[in-house]
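Reading through the structure tokens given below for one structure.
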Amino acid sequence: MDFKEKKVLLRVDFNVPLVRNKVADDFRIKASLKTVNNLLKKGAMVLLLTHLEADGKTPGLGAVASRLEKLLKVKIKFIKGKIPVDPCEYPERVWLFDNLRLNPGEKKNDRDFAKQLARWGDYYINDAFAASHREHASIVGLPKFLAHGAGPLMKAEIKNLSKFFSPKHPFLFILAGKKFATKEPLVNKFIKKADAIFIGGSLANTFLKKRGIDVKRSKVESVTIPDDILWSHKIILPEDWKIGEGSIYDAGPKTIRTLAELAKNAKLVLWNGTLGLCEKGYTYGTRELGMTLGKSKAFRLVGGGDTVAAIRKMKLEKNFDFISTGGGAMLEFLAKGTLPGIEALKKK
């Protein structure tokens, strides 16, 4: 594609946490900077599209625009409110449209809204891997109306996550957090591919309870775990834990030692989900695991919003070969091998 003097609609994922109307974690914004700068070097005008959802609300992107401008070190045109029906012209080389979800047509994947977006640009690039599990207008509708392609971040996510489909061995999968129902497809798939699956976080409480172990007042999910999963020799559960408010809130040192031994021998490590309730200060397990993985010679990939936020707060990013921007998108891609946004780019 020749981008010189062309308008490129770039779908990014700036769905970042806000605290007192300031960006609290700019990981996803920084992840897209290379793509934006590359397009600018090729002479393009970059028109950024993103959504942001915070506590069920749809805030404006003023704080995001301010942070982006500081990171890019270029003047940005922030187009506030709903996206205008008729395209306008601005002198700036980078434009940021306000929150896509201010427009009802976005989540409905409305064809007319996708057409409205398309009128603003000459090309469409999807670099929003973390949003590509959504069948929304800017993800699956817009590519129907413009020449399109995948951005560098999208390609990097696909390339690195795909390593786990035909994995090198030993392969250690660390799956924590909560909501077994959303992670069951992953367990079903990787029980065949992984050499060991460590179950941690709140997820582990449900497994422990099902195995007849006293989990105190810990929350457990009312789900059925098939016996061939529950009692599989590949499933590794915490051996000890830290108690808070009568509940299991974190992994203990024996558990970390077991994980360290598994990681030491592994050639491939995939991690999703914090081991403890980090928001209540139970960071021991997550920190120790992050530090332990720094000593491993395996290819190490970590993903998931809470997990990545914890890793960044602990300044342990250097201990990983790839940090995925995806949460739900990462899990769905690992389970299915594709996403609606990826499939949309395959169509001409």
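Placed from the backbone N, Cα and C atoms, the Cβ positions cover glycine too.
Cross-referencing E157, E279, E288 with the ATP binding residues that TrEMBL gives (K183, G304, G305, D306, T307) picks out E279. Binding of ATP is attributed in the record to K183, E279, G304, G305, D306, T307, and the widest Cα separation among these residues amounts to 21 Å. The Cβ of G304 (ATP binding site) lies under 8 Å from the Cβ of G177, N272, G273, T274, S324, G327, M330, L331, each on the same chain and at least six residues away in sequence.
Here the binding-site residues are E279, D306, and the one with the most other Cβ atoms within 10 Å of its Cβ is D306.
Cβ crowding, taken as the number of other Cβ atoms within 10 Å, peaks at T307 among the binding-site residues K183, G305, T307.
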